[in-house]
Amino acid sequence: MAVERTFSMIKPDATRRNLTGAITKMLEDAGLRVIASKRVWMSQREAEKFYAVHKERAFFSELVELMSSGPTIVQVLEGENAIAKNREVMGATNPEDAQEGTIRKVHALSIGENSVHGSDSAETAKTEIAFWFSEVEIVG
């Protein structure tokens, strides 16, 4: 097994409900270690750029609005197979489809307000980490 780094985000719908600690605990209990973390309030421009891959999708405007509606916690996680493990702990995008005990099953309000975002591949993780963090901010 390989030690990897991945990007994780606690979305505004979760920070508004003071779930930062509970969600981080679920990630840490799964063996992931937070090696960088900061609280940001994403501008509309940042949200558009970060989620540019979804620009042509019907939900893009709603996503940008949600992501710029309040504070977000951006994190770098490290651990064995961190990318897959983070996605497993997050659960399916639609909380109705998520397995019991996952972040989205426990905390999500809807498919849009689903509490968390996580990288889906090593390449995406690298890009998303670099979007929010400089190398000196990541302390492994």
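Note: Cβ is positioned from N, Cα and C throughout, glycine not excepted.
Under a cutoff of 8 A between CB atoms, and with a sequence separation of 6+ in the same chain, the neighbours of H117 (active site, pros-phosphohistidine intermediate) are F7, S8, M9, K11. Residues or ranges marked as active site, pros-phosphohistidine intermediate by Swiss-Prot on the basis of sequence analysis: H117.
Per Swiss-Prot, the feature ATP binding site maps to K11, F59, R87, T93, R104, N114. R104 (ATP binding site) has a Cβ environment of 22 other Cβ atoms inside 10 Å. Taken residue by residue with DSSP, R104 (ATP binding site) is part of a helix.
In this structure, T93 is the one among the binding-site residues T93, N114 with the smallest number of other Cβ atoms inside 10 Å of its Cβ.
Of the listed binding-site residues, namely K11, R87, the sparsest Cβ surroundings within 10 Å are found at R87. Spread of the ATP binding residues is 21 Å (greatest Cα-Cα distance among K11, F59, R87, T93, R104, N114).
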